[in-house]
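Trainee: Structure in structure tokens, see below.
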Amino acid sequence: MSDNISTEGSWPTWKIALAVGVPVVIAGVGIYYLNTSNSTKKSETVSTKKQEETLVKDKRIEPEGSSSPKQQPVAASPEVQPKTKFQEAQELKNEGNRLFKQGKYAEAIEKYSEAINVCPDNHKTEKSTYHQNKAAAMEKLELWEDVVVECSAAVKLNQGYVKALHRRSKAYEKLDKKENCLEDITTVCILEGFHNNSTMVYADSILKQIGKEKAEQKYKTRKPIMPSPLFIKQYFASFNDDLISNPLTEEQIKQSDTSGYIRAKIALKEDRYSEVIEECSSEINASNDLPKEGDITQEKSDTPVTSYLNEALLLRGTFYLLSGNSDAAKPDLNRIIDTEDANPKLQANALIKRGSMSMQFQKPENAEADFVLAAKVDPENSDVFHHRGQLNILLDKVDLALADFDKCIELNQDFAMAHAQRCYTVYRQANARKDVIQMQSAMDKFNEIIAKYPNCSETYGLFAQAQTDCGNFQKADSLFQDAIKIEPDNATLYVHRGLLALQWKQDINTSVELISKALEIDSKCDFAHETMGTIEVQRGNLEKACKHFEVSIDYAKSELEMAHLFALQAAAHAQCNIAKKYGLRPPMPGAM
């Protein structure tokens, strides 16, 4: 069982957030904050405050203080007291505010500068306001570098100055210094207790920009990395009507001296995955050099040479895909699809994999077109409908997904994984509709599937997720333990059980222990690294979190997934820097 609901498995990455539930909530893609245990009344107050914030103009764009000097009380003595330096500074600031409101920003800047020069150093709070007001006027003139300078001066005098930090973050964005921008806006989020929705939305947008930009750069130059042996086995297990997964015959094994494809298949069986691509390439090169039928130079031989060109192309393309080298995978898959006399099952399998690649690159129309063609090429292929059902789930087309799973089961009645995924889809649909009767029916069906197919860990895992959704944590944990007994080397099962420990008992120690066990089993498990990174952020171990995100980035299956991980890493980096600079950290479990 894997952590995706794509061709690789069934559980999408976003379920990490759902599985954590209490105590952790994830805002956007990387800013973490906690559910409070406050009363309903407090929650309603916060909600009302957020609604009011959306209706009131953001006061951060205006300078602080009055534009008119405060009326001084009438002195009892006829003597006029001389103005202090601080009073002069306040009057200059007020004059600057008046000019600002008149749109005379350059003149306002001059007055704020005079106020800064006149103000005594012991009035740090007021002086920081002058710098911030000066930055506001510079912002109107789009003097972004100067805005940063003035806001930095304000923050130096007053580290908790939300308005100056927020304004500087905007200036950094304009200067295309997004990491600096993120650091400032994250500081604002922490200072505001993660209660200002507009600030968090802005932080989320910056995170996504950083993730997208870094992923675009990294994905183009990334080195292909072979995933773990378990992942490869699970991937092939998700196909049932797949010719390249069929065992070799004794006659075929005898051809290993002359056939690179046969050697690749033997390497696949013996888990020597690093040899598969090279051996397939040997087969493809030899097949390209074979004389064509009817060639007058063709020499007759008593032993005909068997070509496994299309099989080798499909196996090589699959391993390119598994290693994240989509640029190399696509030509191999295209060549099979475009070969008129290719075996329909090979073509259908290639179309499924090309369609999955299209989904990774957020091209659902292309993916759907490939699955339609695959169903036309090989209408009795259960794999087409199994994987298209998962595609339709991702596209939120639940009724179509159920129809595809039904067709898959009709063609292959003993495909336990398809039964489990159909049952879970029914459960999710019933849960969304609050249909208690249908939810219970799905639960009963899970028990029937387990009784009939007791060795399918996928069923236990999905049933456990359904039980978790219903708050039946003890039952869910028991199901995860049963799944682990079936597949003790399945790292993702330990991760899911660790997440359950967080949601059920807020037991972070047990959670870390289980996820550490997952990493012992499979050091390449990106799901484990991502989840451990998320937990380390919550524990305040930000440097450790960044290291886990770095590893998960290397094993990301797509640019989209990589962007998500870069965003998580950027959030951790920002919080690490904030802790060093200001001594601020997001609230930890139990702190609110």
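Even glycines carry a Cβ here, placed using N, Cα and C.
Pulled from TrEMBL, these are the listed features:
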COMPBIAS  41-63  compositional bias 'Basic and acidic residues'
REGION    40-82  region 'Disordered'
REPEAT    89-122  repeat 'TPR'
REPEAT    457-490  repeat 'TPR'
TRANSMEM  16-34  transmembrane segment
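Each of the listed features needs to be described in terms of its position in the shown structure.
Mentor: For the repeat 'TPR' (457-490), the mean pLDDT of the prediction comes to 96.
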Trainee: Quick one: DSSP breakdown of the repeat 'TPR' (89-122) into helix, strand and coil?
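Mentor: DSSP composition of the repeat 'TPR' (89-122): 27 helix, 0 strand, 7 coil.
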Trainee: What does the DSSP secondary structure composition of the repeat 'TPR' (457-490) look like, as residue counts for helix, strand and coil?
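Mentor: Tallying H, G and I as helix, E and B as strand, the rest coil: 27 helix, 0 strand, 7 coil.
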